[in-house]
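Q: Look at Swiss-Prot and you will find His83, His182 tagged as heme b b562 binding site. What Swiss-Prot lists as heme b b566 binding site is His97, His196. Marked as ubiquinone binding site by Swiss-Prot on the basis of similarity to another entry: His201. If you look up Swiss-Prot, you'll see 33-53, 77-98, 113-133, 178-198, 226-246, 288-308, 320-340, 347-367 marked as transmembrane segment, on the strength of similarity to another entry.
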Amino acid sequence: MTNIRKTHPLMKILNNALIDLPTPSNISSWWNFGSLLGLCLITQILTGLFLAMHYTPDTSTAFSSVAHICRDVNYGWIIRYLHANGASMFFICLYIHIGRGLYYGSYMFQETWNIGVLLLLTIMATAFAGYVLPWGQMSFWGATVITNLLSAIPYIGSTLVEWIWGGFSVDKATLTRFFAFHFILPFIITALMIVHLLFLHETGSNNPTGIPSNMDMIPFHPYYTIKDILGALLFILTLLTLTLFLPDLLGDPDNYIPANPLSTPAHIKPEWYFLFAYAILRSIPNKLGGVLALLLSILILVFIPMLQTSKQRSMMFRPFSQLLFWTLIADLLTLTWVGGQPVEHPYIIVGQLASILYFLLILVLMPTASIIENKLLKW
């Protein structure tokens, strides 16, 4: 008799995705982050659901409802901090996952890669909407500053901003709609994630060498299920350590002050995971130019498959490209640091140089290094 997992219509899908899936035998721990992102999404949806049961999306009660969750709801404090720090863990896993894709040439699976970029944008939108909900100072002013960027769009800009606000400033209508967006987007992310996996399973996984591994595949279960469980345990350990010992490490103290439209915080800045893009935005003195650079800093990922000039897919055997890749990582860390600093000397010039280097590395230096490496192969 054939096993039920291979015949049942629903179990067959799960079986082909998680059990009998042929997987390259040599994929490293950098391939663990896909499953960790799935775990992040489940954690965020569950904790978010329980928070939504007690939260009120109204300007007069939003801040106190979060305080009520932390003080009066059974284990509300841990649910709230798991959700806040879970978002940080989500972005850590996300950036490592993208970095892995860049290093090993996984972007050559173009459909998977483009859905991934769409996922990144959706997750960023969700995180931004979520940051507004506690209605602290940074929530209010962050929402004001970021939504105001749309006013840089010629002709329709200011109308568009007022349409998103639902009035002439960030107010009750804005908070209510941001709560609605924040609630619905994770389910859209889940749907996109399924499409992402669907496209991935059309081609199979890439591997560190970048060479097709069709002749050397092993079943996903038990080899990679056990590996993913180890990754998941380490992830849970990190998240719980962060939540229980340093819950406010990655947050902004200003968000413990209730939103006040009459008092602007000294330094308006987004959460740490947006600081690199914020630094690029700030480094251009022109408003529209800054907004375009901000968009391009993320959307540049879409063009990476087109910028592939190397004859080798992976960077495993390409020392020049490796050097430039790690320079890019250092540059992104520099941008993240600058984004959290006040707009004054020397941070302005450092931010501008780091922003130029970011685009230069991706658009010019890395494709050029690949061409040089191709020439060296002939020696």
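For all residues, glycine too, the Cβ spot is worked out from N, Cα and C.
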Q: Nearest of the binding-site residues to His97 (heme b b566 binding site) by CA-CA distance, picking from His83, His182, His201?
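A: Closest recorded candidate to His97 (heme b b566 binding site) by Cα: His201.
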Q: Write down the Cα-Cα distance for His196 (heme b b566 binding site) and His182 (heme b b562 binding site), rounded and given in Å.
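A: So the Cα of His196 (heme b b566 binding site) lies 21 Å away from that of His182 (heme b b562 binding site).
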Q: Taking just the CA atoms, what is the gap between His83 (heme b b562 binding site) and His196 (heme b b566 binding site) in Å?
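A: On Cα coordinates alone, these residues lie 24 Å apart.
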Q: Drop a 10 Å sphere on every Cβ of the binding-site residues His83, His97, His182, His196, His201 and tell me which sphere holds the fewest other Cβ atoms.
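A: So among His83, His97, His182, His196, His201, the binding-site residues given, the one with the fewest Cβ atoms within 10 Å is His201.
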Q: Considering only Cβ pairs within less than 8 angstroms, which of the stretches 113-133, 226-246, 320-340 has the most against the transmembrane segment (288-308)?
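A: Out of the listed stretches, 113-133 contacts the transmembrane segment (288-308) most.
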Q: Counting Cβ pairs closer than 8 Å, which of 77-98, 226-246, 320-340 has the most of them with the transmembrane segment (347-367)?
A: 320-340
Q: Would the transmembrane segment (226-246) count as touching the transmembrane segment (77-98), i.e. at least 3 C-beta pairs under 8 angstroms with sequence separation of 6+?
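A: Yes, since the transmembrane segment (77-98) and the transmembrane segment (226-246) share at least 3 Cβ pairs closer than 8 Å, they count as touching.
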